[in-house]
Amino acid sequence: MIEDKNQQRTSLGNLGEFGLIEHLTHDITTAQPGTLKGIGDDGAVLDFKDKKIVVSTDLLVEGVHFDLAYMPLKHLGYKAVVVNVSDIYAMNAKPTQITVSIAVSNRFPVEALDELYDGIKLAAKSYGVDIVGGDTTSSQKGMILSITALGEANAEDITYRSGAGETDLLVVTGDVGAAYMGLKVLEREKEVFVVNPQNQPDLDAYSYLIERQLKPEARQDINGILKALELKPTAMIDVSDGLSSEIIHLCRQSGVGCNLYEEKIPVDPQLINVCEEFNIDITTVAINGGEDYELLFTIAMEDFEKIKANPNFTVIGHMTQESEGIHLITRANTKIPLKARGWNALQEE
Ligand SMILES: [Mg+2]
């Protein structure tokens, strides 16, 4: 991390655990009508009336899921919330509350946690969720951050991974692959920076990719757009591990196969340029990269008319009988079995 010498450093020990929690949470207010009691008692009290409750948890570990050398703490806090609310949107539900648990070693000053919490609070505001609880404790080494998101939905609106039919169309929002290449760019710049700290990287040509990595957004707009189109996906998942992994999840849980068409996969022009610069295959990145936080879903064929003119959606394939398997159909019209390589495997290449 680039240390600013003028930056104030207050040791965590100065505040103590209760003092720290009070310091980090004193300005947190709640806005959801269902939050009857937020932070400040032994437990939060929530009222979901006749809605179903959707719950999702993510655990982020320093050195495994994030590297503070190029991930500013404010961005980390923001992203940790995004990752969780994205899972709630993938259930076609509306996120309403989060809890935040953090373990940190004493190498972090109070100011660092303030920064982290600024990001968490900003994301909570932008996604309309209340921070209603959590815990802060010390760790021997590094930082661990766990967020749990709660959301609500009508029972009939919830989309599972298991509902895809054999003739359904496969649809993705936005574009994929950019977050992974953003990470590649940041990793390269970190190496350059270590060699020569005076070297200020010029990252203009990579701005979209870096933003997708450092400040991803969950698709909070999609549930509303689908509702307005009177369209309920038959199955849905968010793209966190990579398009191919997510397609395999949908297929396995729905008992169907899939043909994914290489030429249909939506990628940003900046991704194409940077993949050429890095000499990396664009499709490999687009299907294995991950961390895009787009939504991937299936729809009945007869619903195609509802989405066909909509710029938010791209039809990238169709489901098949399970016995046909899960394949990528390349531009050269060859059929390659799709493998769930995901994030880690790609890094090992
Ligand atoms: Mg997910």
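Positions of Cβ are set from backbone N, Cα and C atoms, glycine also.
Listed in TrEMBL:
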type	residues	note
DOMAIN	40-152	domain 'PurM-like N-terminal'
BINDING	Asp42, Ser56, Asp87	Mg(2+) 4 binding site
BINDING	Asp42, Asp87, Asp238	Mg(2+) 3 binding site
BINDING	Thr57, Asp58, Asp135	Mg(2+) 1 binding site
BINDING	Asp58, Asp87	Mg(2+) 2 binding site
BINDING	His65, Glu291, Trp343	substrate binding site
BINDING	Tyr117, Gly134, Asp135, Arg161, Ser240	ATP binding site
BINDING	Asp241	Mg(2+) 5 binding site
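Features recorded in TrEMBL, as mapped to the structure shown.
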| residue | record | Cβ within 10 Å |
| --- | --- | --- |
| Ser56 | Mg(2+) 4 binding site | 21 |
| Asp58 | Mg(2+) 1 binding site | 18 |
| His65 | substrate binding site | 18 |
| Asp87 | Mg(2+) 4 binding site | 22 |
| Tyr117 | ATP binding site | 23 |
| Gly134 | ATP binding site | 20 |
| Asp135 | Mg(2+) 1 binding site | 12 |
| Arg161 | ATP binding site | 20 |
| Asp241 | Mg(2+) 5 binding site | 21 |
| Glu291 | substrate binding site | 23 |
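A Cβ distance below 6 Å to any atom of ligand 1 is met, among the binding-site residues His65, Asp238, Ser240, by Asp238, Ser240. Neighbour counts of Cβ atoms within 10 Å were compared across the binding-site residues Asp42, Asp238; the minimum falls on Asp42. With helix defined as DSSP H, G or I and strand as E or B, the domain 'PurM-like N-terminal' (40-152) counts 35 helix, 45 strand, 33 coil. Set side by side, the binding-site residues Thr57, Ser240 differ in how many other CB atoms lie within 10 angstroms of their CB, and the most is found at Ser240.
Nearest Cα neighbour of Asp42 (Mg(2+) 4 binding site) among the listed binding-site residues (His65, Arg161, Asp241): His65. Averaged over the domain 'PurM-like N-terminal' (40-152), the predicted model reaches a pLDDT of 94. Taken residue by residue with DSSP, Asp238 (Mg(2+) 3 binding site) is part of a strand. Counting in whole angstrom, Asp135 (Mg(2+) 1 binding site) lies 13 from Tyr117 (ATP binding site) by their C-alpha atoms. A distance of 25 Å separates the Cα atom of Tyr117 (ATP binding site) from that of Asp238 (Mg(2+) 3 binding site). Residues Tyr117, Gly134, Asp135, Arg161, Ser240 are the ones the record ties to ATP, and the longest Cα gap between any two of them is 32 Å.
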